[in-house]
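Annotation comment: Swiss-Prot describes MET1 as N-acetylmethionine, evidence class a large-scale study or a structure entry. The N-acetylalanine annotation in Swiss-Prot covers ALA2, and the record cites a large-scale study or a structure entry as its basis. What Swiss-Prot records for LYS3, LYS27 is N6-acetyllysine. Residues or ranges marked as phosphoserine by Swiss-Prot on the basis of a large-scale study or a structure entry: SER5, SER6. Annotation source Swiss-Prot lists phosphothreonine at THR10, citing experimental evidence. Feature annotation from Swiss-Prot assigns domain 'EF-hand 1' to 13-49; the stated evidence is a curator's inference. As annotated by Swiss-Prot, Ca(2+) 1 binding site applies to THR33, GLU38, with the evidence given as a curator's inference. Swiss-Prot lists 55-90 with the feature domain 'EF-hand 2'. The Ca(2+) 2 binding site annotation in Swiss-Prot covers ASP68, ASN70, ASP72, GLN74, GLU79.
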Amino acid sequence: MAKISSPTETERCIESLIAVFQKYAGKDGYNYTLSKTEFLSFMNTELAAFTKNQKDPGVLDRMMKKLDTNSDGQLDFSEFLNLIGGLAMACHDSFLKAVPSQKRT
C-alpha cells in the first residue's frame, strides 16, 4: 500500500489561497466569485496593512475594475490570483531592492 505523503509547503500555500478565496466568496450570492463588497471585505481584513497605507480612497475601486477582466462585476478565482500574483511580484521586487546586489545566473 502506498504511503500518502504530507503536503509540501507550496501545496499548503495553494490550499490556503483557495480557502481564503472561499471564505469571502459567496456571501453575497454566487459561491464562485467575489462581489465588490466581498472583495472590499477581503482587502480590509486579509490585506489590511496594504489597504490602510493607500492614500487614494479610490484605489480599491480601481483595483477591482482592473482585476475584473471579463467586466461582470465579480472576481472569479483566476482574477483573484492575478491580484495575489501582482502583490507577490511587488513584494519580491521590494525584497530584491532591499538585499545587496548578487550576480544572477
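Cβ from N, Cα, C; glycine included.
Note that the coordinates shown come from a computational prediction; the quantities given were computed from them, not determined experimentally.
Under DSSP, THR33 (Ca(2+) 1 binding site) is assigned to a strand (E or B) in the three-state scheme. Other Cβ atoms within 10 Å of the Cβ of GLU38 (Ca(2+) 1 binding site) number 21 in total over all chains. Cα of LYS27 (N6-acetyllysine) to Cα of GLU38 (Ca(2+) 1 binding site): a span of 7 Å. LYS3 (N6-acetyllysine) sits 43 Å from ASN70 (Ca(2+) 2 binding site), taking the Cα positions as reference. Cα of ASP68 (Ca(2+) 2 binding site) to Cα of THR33 (Ca(2+) 1 binding site): a distance of 11 Å. The sparsest Cβ neighbourhood within 10 Å, among the listed binding-site residues (ASP68, ASP72), is found at ASP72. Other Cβ atoms within 10 Å of the Cβ of GLU79 (Ca(2+) 2 binding site), summed over all protein chains shown, number 19. Closest in space to THR33 (Ca(2+) 1 binding site), of the recorded positions given as SER5, ASN70, GLN74, is GLN74, taking the CA atom of each residue. Cβ packing within 10 Å was compared across the modified residues LYS3, LYS27, and the lowest neighbour count falls to LYS3. Comparing GLN74 (Ca(2+) 2 binding site) with SER5 (phosphoserine), their Cα atoms are 36 Å apart once rounded. Proximity to SER5 (phosphoserine), defined by a C-alpha to C-alpha distance within 10 angstroms, is shown by none of the binding-site residues ASN70, ASP72, GLU79. Broken down with DSSP, the domain 'EF-hand 2' (55-90) shows 23 helix, 2 strand, 11 coil.
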